[in-house]
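Just below is one structure, and these are the notes that go with it.
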Amino acid sequence: MTLSTETPQRGAPESATRRADTASDGADRAGWRALATQPLLVLAGLLAFAVWRVNATLTETEARQLGWAALWRSTREHLLLTVTAAVIVLALAVPLGIALTRAPLRRMSPLVIGVANTGQAAPAIGLFVLLATWLGFGFGTTVVALVLYAALPVLRNTMVGLQGVDPRLVEAGRGMGMSAAAVLFRVELPLAVPVVLSGVRTALVLLVGTATLATFINGGGLGVLINTGITLSLDSLLVSGAVLVALLALAVDWLGRVVEHVARPKGL
Amino acid sequence: MSETTTPETPASDAAVPQRRVSGVAIRLDGVTKHYPGQDRPAVDDVDLEIPAGETVMFVGPSGCGKTTLLKMLNRLIEPSGGRIHLDGEDVTDQDPDKLRRRIGYVIQAGGLFPHMTVATNIGLVPRMLGWDKPRTATRVDELLDLVGLDPAVYRDRYPRELSGGQQQRVGVARALAADPPVLLMDEPFGAVDPVTRLRLQDELLRIQEELGKTIVFVTHDFDEAVKLGDRIVVFDIGARVVQYDTPDAILASPAEEYVADFVGAGATLKQLTLTRVGDVELEQVTTAAVGTDAAAAVAAARAAGQDFVVVLDERGRPISWPTLAELGRATTVPATVDPRLPVVGVRSTLNDALDTMLAASQGGVVVTGRREALAGVLKVEAVMAAIRRSRAEVAG
């Protein structure tokens, strides 16, 4: 029978918990640091482009296309296409993904995933042209094509995210008297958020890239620069368009990462 | 909620079976579960009466349907036939969500939601029942206290910041949140290490002592069933009830060879599992409160012919047991907590007490009653005497 000289907490075997407060603080800081590099790269790229643009001697055609107002209009069109398509994708694919993981529709999910897979496997340019011959040229058709193309990652990640939730947690929720909807909104969706959002980010980056094809069916956007550059053999236009699309994609990807970082549920 | 504010009774009275019952009776009439595509029903026509305020253990081999039967009690699995009565009321067709809010449910590892704090997890059912925030917060603190976790420390932690045993405690607290009369436990202690399991079992016995719920507990561990159960149901395939009786009766006369096999060969020593620490006479020892005069405590122990003193903290809980020589070196009784102090509850079995002594390499254990207050000390000699007595009884 001894008198211990140490003063550990009562119930020592069980109080050996992870000091998660400090650990997660550290992880948080590291996460933000990683997030900080990407916008710096984008800014540097933009700056380099602006410097080149101000100092370059341009032909009349080039100057018309690369005028600040024209550039701003193309970029705005491009963003509008991306955002419109993204909003529609979110509004369609997330609810569909949820529905396909519920008991009544679960058997249908391989079928729907198959269709979505085909949509993405089809060459984007083919999808654009086929839709245009059917629906006509313009903004609306472009958005439809983009939605078809970008729905898959969101749909699949919504389903994977929901299926990845430990079924015992769902049972625990139901077992304590939560309704199916309450379990979905308070347990399943919050836990699936990281996976769903990473699908959304993938879709956004896809959209920015694919929206360059809009120019072929009169949808506008930064693709116009690239297309004009190719047809008129004007490298300055071609490269400007490509660089701006790349910077836009990086910026959108970064925004997605920030949202993911902020929306990640605490405690995971 | 009243059960956590019951007047504190002296610890030595804790073993006296004058329990308050807040549970209700459950009756099963011909409950059957038939899964489509299977020849034999998973649960075949089970009749069972579970008395109010008792802990009934479901044991049997895996796949015998005991878990299916448990889940039919809160209708996580819908029975294909038969009726279920709770407190005399037929609940077979009641809205399952409403029914479940009256039945606590504990699963392995607690089933805590990882993205919610401990307080949010525990407060879920009260909030669903429309309690306001202050009332829920008070209840959460009460429950954390009940399961032996300091509310100020654990309230705002996330589940991953807790050990397995602590998660399980929070799981029990969550199930008790709205003070349901019935508690269903599905192999809750299956995923924790043996030492923690023993503590959790003691804790459950203590809590049940205070609350008197109706508990239905599924386990595959017969020792656990004997330790925790007021009654045990032994199931065979199809949830056929082979024997339903008190642990003593099942150990003394197994109904079939099947039960005898299940109970195991060491049945004479299993009687050790039946005897509670509170059933043998505990040694009363000299105690000293933290911060009092050490010399006085030493003198009192000498006068009583004892060579050690049990030190109690401000809530009357034993924290160390220094020898008189050790204590003599100090002027006041030190507040040092001995992490290796062997402690068992009064509802622990002699088996547990012996285990604890061996693990701590000590010749005795400190025994605690309600709210971890000191009940006495159990020496190894007393355990040996009890073993000899029980062997003599079995032989005679």
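Backbone N, Cα and C atoms are what each Cβ position is placed from, and that goes for glycine too.
Record features (TrEMBL):
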type	residues	note
COMPBIAS	A:16-25	compositional bias 'Basic and acidic residues'
DOMAIN	A:75-256	domain 'ABC transmembrane type-1'
REGION	A:1-25	region 'Disordered'
TRANSMEM	A:39-58	transmembrane segment
TRANSMEM	A:78-100	transmembrane segment
TRANSMEM	A:121-152	transmembrane segment
TRANSMEM	A:172-197	transmembrane segment
TRANSMEM	A:204-226	transmembrane segment
TRANSMEM	A:238-256	transmembrane segment
Per the Cβ filter (under 8 Å) with a sequence gap of at least 6 from its ends, the transmembrane segment (A:204-226) is approached by 65-66, 74-75, 77-78, 81-82, 85-86, 89, 124-125, 128-129, 131-132, 137-139, 141-142, 145-146, 149-150, 153, 237-238, 240-242, 244-245, 248-249, 252-253, 255-256
Long-range Cβ contacts under 8 Å made by the transmembrane segment (A:121-152), restricted to residues 6 or more beyond its ends, are 81-82, 84-86, 88-89, 92-93, 203-204, 206-207, 210-211, 213-214, 216-220
If one takes Cβ-Cβ under 8 Å and requires six or more residues beyond its ends, the residues near the transmembrane segment (A:238-256) are 35, 38-39, 41-42, 45-46, 49, 53, 66, 71, 74-75, 78-79, 82, 197, 200-201, 204-205, 208-209, 212, 222-226, 229-230
For the transmembrane segment (A:39-58), the distant same-chain contacts (Cβ-Cβ under 8 Å, at least six residues beyond its ends) come to 66, 236, 240, 243-244, 246-247, 250-251, 254
